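Following: one structure in structure tokens, then a few remarks.
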Amino acid sequence: MKALLFILAFLPLTSAALQVGFYATTCPQAESTVQSVISNRFLTDRTITAALLRMYFHDCFVNGCDASLLIAPTNSTQSERSAGPNLTVRGFDIIDEAKSKLEAICPNTVSCSDIIALATRDAVVQSGGPNYTIPTGRRDGLRSDPNDVSLPGPSLTVSEALQFFTSKGFSLNDMVVLFVAQLKSHWIRTVLPSWTKTHHLSSTIATTSNS
């Protein structure tokens, strides 16, 4: 888990001056508001950690961490959410809830891309993972084109996947960590619920693995 968070911290970012405590004066309640939303959601759905990690990765890997994945398609225009790899991404309602609460406190201040980053961090902490400071100050993007979405899929060979990741500045070790995280996200979302029921395993124990 720590390795994954380290890698996510260095995924491509939109051009902005990032700093820890970016909203300290403009919206002091920004981080605590997001944290409150995640804490409440986690009480009823412990799989949000996997969902938000996946959302964070899918957003950042395409043109940087700009929240362009959040832009919904319309009847006339498609967006990144229309692309195949993103059809099963979930957690949009969580980000919407946090954004709504923040708009009521600090209108037009906290970016959605920062909300995704903070929400992912807080969900990791709720799962028993490490707490870590995260710089904020990201800017939201306006471009969201499904044709921009190019994510490593299960059909790639190892050499093809490695070429894909190295083109983004990642190493072989980075690639393995991210692939494992993606597999764990799928397992937690689709396999664990039925497996837990069949084996009468405590859902609390089953969903707090941090390996």
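Just so you know, glycine gets a Cβ as well, placed from its N, Cα and C.
Nobody curates TrEMBL annotations by hand; they come from automatic prediction.
Annotation for His58 (active site, proton acceptor): same-chain Cβ neighbours under 8 Å, separated by at least 6 residues, are Leu69, Pro85, Asn86, Val89, Leu151. Annotation source TrEMBL lists active site, proton acceptor at His58.
What TrEMBL lists as Ca(2+) binding site is Asp59, Val62, Gly64, Asp66, Ser68, Glu80. In this view, Gly64 (Ca(2+) binding site) is surrounded by 19 other Cβ atoms within 10 Å of its Cβ, with every protein chain counted.
Sequence annotations record features per position, and here TrEMBL assigns substrate binding site to Pro152.
Counting Cβ atoms from all protein chains shown, Cys27 (disulfide bond) has 17 others lying within 10 Å of its own Cβ. What TrEMBL records for Cys27-Cys106 (among others) is disulfide bond.
Annotation comment: TrEMBL describes Cys60-Cys65 (among others) as disulfide bond. Note on Cys60 (disulfide bond): other Cβ atoms within 10 Å of its Cβ, all shown chains, come to 24.
Annotated domain 'Plant heme peroxidase family profile' per TrEMBL: 17-188, in sequence order.
The signal peptide annotation in TrEMBL covers 1-16.
Using a 10 Å radius centred on the Cβ of Arg54 (site 'Transition state stabilizer') and all shown protein chains, the other Cβ atoms total 24. Residues or ranges marked as site 'Transition state stabilizer' in TrEMBL: Arg54.
Along the domain 'Plant heme peroxidase family profile' (17-188), the predicted structure has mean pLDDT 86. Listed in chain order, the extra residues whose Cβ falls within 8 Å of the Cβ center of the Ca(2+) site residues Asp59, Val62, Gly64, Asp66, Ser68, Glu80 are Cys60, Phe61, Asn63, Cys65, Ala67, Leu69, Gly141, Ser144, Asp148. By the criterion of other Cβ atoms within 10 Å of the residue's own Cβ, the least surrounded of the recorded positions Val62, Cys106 is Cys106. Distances between the Cα of Gly64 (Ca(2+) binding site) and those of the recorded positions Cys27, Arg54, Cys106 are shortest for Arg54.
For Glu80 (Ca(2+) binding site), the same-chain residues 6+ apart in sequence whose C-beta sits under 8 angstroms from its C-beta are Val62, Ser68, Leu69, Ile71, Asn86, Ser144, Asp145, Pro146, Asp148, Val149.
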